[in-house]
């Protein structure tokens, strides 16, 4: 499981940072990539990675400001250029209005998309758990931006314990159907009368990962709720220390407020994202150091950076 940041800037493209988009790579888990936001130029950024467009099966939009959605019609159109046998359907999750925006853009431009797009739109009344599969759950809450904006919490379900095959062989259990029964938690009796207890040969379930992605927002309790005990918290950091007033006026957060959220939520790691173009390399390093005075395990991410979860 990995995160790759396709765009880490705020508002408009800059020389060092493209606008918002990140990919959650779940290739080992479900052979899919989930994308969060799709700002202008996202498909160009994807060309700099190993991500295959057909693997992107779900797109989660935080809100409808242009720096988070202007790349979506182009990406969807280009995705249709795959060979016919590689076409895969796509789900798009986001605020009410995302369906109209996408379909209107495709219609006006004459784009022909040969795969199915399934839209899932949300407002205040439909938040909470918005998606569930056999391996993952996704939750959404409203944040505190200048327009309706959602934060996402991706929860991997606990992984089953693994079977200790070597210990079973050492115990004289013949390889075959009995292994399957024991793996399913079933006790078995051997021909010599010995009872093999499944729990003695299966490791404890492994807790799944939690990834929280916070879109544009002022400091809010909803962010703490979404980030509770998260393995990774991706939080916007449009402004720096001392910029609290301007951040609030524009519906954004500072690096220090992001660190406070991570601390209050008990997150394990904080990745600062969505950085104003006025902050250059030295400034970003200082923002990281300042945030570390509140939450130690913090990093300011860069475009195309990969983070293993």
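Every residue, even glycine, has its Cβ placed from backbone N, Cα and C.
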Need a hand: Swiss-Prot gives 67, 68, 274 for Zn(2+) 2, which of 134, 200, 216 is also on that list? 216
Spacing of the two Cα atoms, residue 68 (Zn(2+) 2 binding site) and residue 145 (Zn(2+) 1 binding site), in whole angstrom, works out to 13
Neighbouring CB atoms within 10 angstroms of the CB of residue 65 (Zn(2+) 1 binding site), all protein chains considered, total 20
Close in space, distant in sequence - residue 216 (Zn(2+) 1 binding site), Cβ under 8 Å, 6 or more apart: 62, 63, 65, 68, 143, 145, 146, 149, 236, 238, 251, 252, 274
List of residues, in chain order, with Cβ under 8 A from that of residue 67 (active site, proton acceptor) and at least 6 apart: 9, 10, 11, 12, 19, 20, 39, 40
Hey, of the binding-site residues listed (63, 68, 274), which one tops the CB count within 10 A? 274
Determine, for the Zn(2+) 2 site, the additional residues of the same chain whose CB lies within 8 Å of the mean position of the CB atoms of 67, 68, 216, 274; present them in sequence order. 10, 11, 19, 20, 37, 39, 62, 63, 65, 215, 236
